[in-house]
Amino acid sequence: MKYHLVTFGCQANERDSETIAGLLREIGYERVEEPTQADLILFNTCCVREKAENKVLSRIGELKDLKSQNPHLIIGICGCMVQQEKIVEKIRRRAPHVDLIFGTHNIHELPELVQSIKNLRVPQVHILPDREEIVEGLPSHREFPFKALVNITYGCNNFCTYCIVPYVRGREKSRLPEHILKEISAMSEDGVLEVMLLGQNVNSYGKDLTPPTTFAELLQQVNAIPGLARIRYMTSHPRDFSDELISTIAGLNKVSRHFHLPVQAGSNDILRKMNRGYTREEYLTLVRKIKNTFPEASITTDIIVGFPGESEEDFEDTLKLVEEVRFDSAFTFIYSPRTGTPAAKMPEQIAESVKKSRLQRLMKLQNRISLEINQQLKGKVMEVLVEGESKTSPEMLTGRTDTNKTVIFPGPLSLTGKLVPVKITVPQTWILKGELVEVI
Ligand code: SAH
Ligand code: SF4
Ligand code: F3S
């Protein structure tokens with residue numbers, strides 16, 4: 001039996017897809033890249049912005065013909081999108097050929113659900129709004145043997161007013177440190193060099209545990225695992241990035257010097273309406289502390305333009321903040337109203353044309369800064385974890401620096417999964433081109 005799995009959204013979904021792949025392998029399914037060859041097609045969906053959702057619905061629509069040619073084909077939708085209110089009816093209406101719908105808290109039920117569809121030939125819908133306990137010990141199948149995603153918390157309690165994640169991913173829950181450490185130790189014995197610790201707000205890790213623990217303590221324990229070379233984490237909430245955490249990271253050699261700190265907006269008025277819990281000044285202070293402690297740090301961010309009520313002046317505050325911080329790069333988004341979130345009901349929604357032109361202005365500024373920062377890396381030798389052949393530049397290798405910059409350079413494929421020194425020769429806005437210095 002063969003399955004085809006398409007993943008949308010963030011690393012939380014990517015990690016869930018690894019579990020889905022692991023579960024399907026246990027019941028005898030093999031992965032295929034072509035949907036036409038599959039007996040089971042699954043879409044692991046995202047709904048953080050409207051565009052993501054429309055993409056899924058149109059992709060599912062395209063499968064109608066495949067289903068009529070092969071009535072035994074199972075088509076499934078899972079992930080964040082299906083956790084929304086009234087979405088099941090919408091999917092049923094727009095895509096009656098879907099057989100399987102399961103939520104983010106029901107992934108472990110997938111083998112039974114597939115079996116039920118095969119036995120009974122009736123669609124299966126399993127969606128729990130939330131789950132008290134974390135299901136541990138599920139099988140998983142990673143894309144890369146040398147790097148791995150590791151959940152440390154699930155869900156989110158922050159309720160930023162624009163964001164749907166807390167509604168579709170449930171309340172924040174921390175995994176027990178012993179479960180996390182056991183998983184990472186096993187990965188490291190398996191040859192994993194880099195782990196990415198995942199949570200919507202990693203800085204609040206452990207507050208809900210008895211006895212409580214902290215993200216800083218967890219990092220210390222992960223840093224002590226032999227064999228690991230790099231520890232990344234995502235995402236940090238600027239409000240919760242403590243001085244203790246900065247000084248802990250300073251003492252840990254494996255923790256990446258990449259700081260992804262989503263600022264979202266540069267105006268205090270908008271930050272307050274977003275319920276972010278910090279001011280522009282507090283954010284700038286945090287950035288200053290990080291830059292002082294880690295002169296080599298790369299700092300990246302997420303920014304939303306066109307939040308309800310964002311005036312030209314508010315937007316200019318964002319541009320000024322970007323100039324002041326000088327981010328290495330930024331993910332920039334047009335505000336997308338999400339049903340059920342407070343911001344969707346706020347007055348003064350911004351016209352699409354204004355949002356688009358603000359996004360262009362912001363991107364232009366950020367691209368200029370990214371290039372300027374990268375140009376300073378010319379001639380520098382950086383350690384790169386090689387990921388394999390570049391998709392965009394064939395016959396070149398691609399990898400990432402500790403600071404999460406993509407480096408492309410010529411070299412043998414046998415370096416995949418290794419840490420190698422690369423001299424940066426041609427820095428660009430999005431990537432650094434380089435040449436291998438020596439093979440360790
Ligand atoms: N927990 C993480 C990631 C959340 S989703 C965090 O707090 O940073 C990733 C990014 O999507 C967010 O940082 C935000 O910039 C963006 N985003 C979330 N909801 C959005 C919306 N309704 N419209 C546009 N962008 C949004
Ligand atoms: Fe969404 Fe805010 Fe939670 Fe991030 S911290 S997932 S932006 S509610
Ligand atoms: Fe999307 Fe869900 Fe992640 S809504 S951004 S896949 S948590």
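These residue numbers are counts, starting from 1, taken along the chain as shown.
Cβ atoms are placed via backbone N, Cα and C, with glycine included.
Note: TrEMBL annotation is automatic and uncurated.
Summarising the annotation, TrEMBL assigns [4Fe-4S] cluster 1 binding site to Cys10, Cys46, Cys80. Neighbour density for Cys10 ([4Fe-4S] cluster 1 binding site): within 10 A of its CB lie 16 other CB atoms from the protein chains shown.
TrEMBL lists Cys156, Cys160, Cys163 with the feature [4Fe-4S] cluster 2 binding site. In the three-state DSSP scheme, Cys160 ([4Fe-4S] cluster 2 binding site) is classed as coil. Other Cβ atoms within 10 Å of the Cβ of Cys160 ([4Fe-4S] cluster 2 binding site), summed over all protein chains shown, number 22.
Residues or ranges marked as domain 'MTTase N-terminal' in TrEMBL: 1-119.
The domain 'Radical SAM core' annotation in TrEMBL covers 142-372.
Residues in the domain 'TRAM' (375-438) partition by DSSP class (helix H, G, I; strand E, B; coil) as 4 helix, 33 strand, 27 coil. Per TrEMBL, domain 'TRAM' is recorded for 375-438.
Close to ligand 3, meaning a Cβ under 6 Å from one of its atoms, are these of the binding-site residues Cys10, Cys80, Cys156, Cys160, Cys163: Cys10, Cys80. Around Cys80 ([4Fe-4S] cluster 1 binding site), a 10 Å sphere centred on its CB holds 27 further CB atoms from the protein chains shown. Mean pLDDT for the domain 'MTTase N-terminal' (1-119) in this predicted model: 93. For ligand 2, the binding-site residues lying close by, meaning a CB under 6 A from one of its atoms, are Cys163; the full candidate list was Cys10, Cys46, Cys80, Cys163.
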